[in-house]
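Colleague: My structure is below; once you've seen it, I'll send some questions.
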Amino acid sequence: MNIDIVCVGKVKERYLRDAIDEYRKRLSRFAKVDVIEVADEKTPEHASDTLNAQIKEKEGERILKHLRDGAFVVALAIEGDQLTSEQLAARIAQWGLHGVSHLQFVIGGSLGLDPRVLRRANMPLSFSKMTFPHQLMRVILLEQIYRAFKINAHEPYHK
């Protein structure tokens, strides 16, 4: 299976880049995982709703350029479905059984995702009602994908 993490902005902190690299390495025996970063827009501290919508639209255009025809797209969004690790593992297994060979997870920028990206997604997924830094969310997502593959392989890791 091919998995892309399509995300807005670059990870600046070395410890987060190291964690991302570690989980990509661990996942390499299960899937080919690519992290695709699109440029983020500068967001003024007290931006108007109109400006925020324009920023999300620009970032959304960049994301949409990387979403592949035929890929199953999962958009991380606070209003998405909340799953346990076991449920995510079951979904990934089910998608594979139904012929999904390319899975794309989308992580928006600090303002979230443009509505067009959410409409393109096959499934919205929420990790929590809380807000997480989008750079950290990459690590959390990769860890959960790794955990899902370990669960599906009946290998020790998940407790």
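For all residues, glycine too, the Cβ spot is worked out from N, Cα and C.
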Colleague: If I go by Swiss-Prot, which of GLY96, GLY99, GLY108 binds S-adenosyl-L-methionine at the same site as LEU76, PHE127, SER128, LYS129, MET130, THR131, PHE132?
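Modeller: Only hit among GLY96, GLY99, GLY108 in Swiss-Prot's S-adenosyl-L-methionine site, alongside LEU76, PHE127, SER128, LYS129, MET130, THR131, PHE132: GLY108.
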Colleague: Across all the protein chains here, work out how many other Cβ atoms are within 10 Å of the Cβ of THR131 (S-adenosyl-L-methionine binding site).
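Modeller: Here the count is 10.
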Colleague: Using DSSP and three states only, what is SER128 (S-adenosyl-L-methionine binding site)?
Modeller: coil
Colleague: Look up GLY108 (S-adenosyl-L-methionine binding site) in the DSSP assignment and reduce it to helix, strand or coil.
Modeller: coil
Colleague: Across all chains shown, how many C-beta atoms besides its own are within 10 angstroms of the C-beta of PHE132 (S-adenosyl-L-methionine binding site)?
Modeller: 16
Colleague: List the same-chain residues at least 6 positions away in sequence whose Cβ sits under 8 Å from the Cβ of LEU76 (S-adenosyl-L-methionine binding site), in sequence order, or say none.
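Modeller: In sequence order, the residues whose Cβ lies under 8 Å from that of LEU76 (S-adenosyl-L-methionine binding site) (at least 6 apart) are PHE105, VAL106, ILE107, GLY108, LEU113, PRO124, LEU125, SER126, PHE127, MET137, LEU141.
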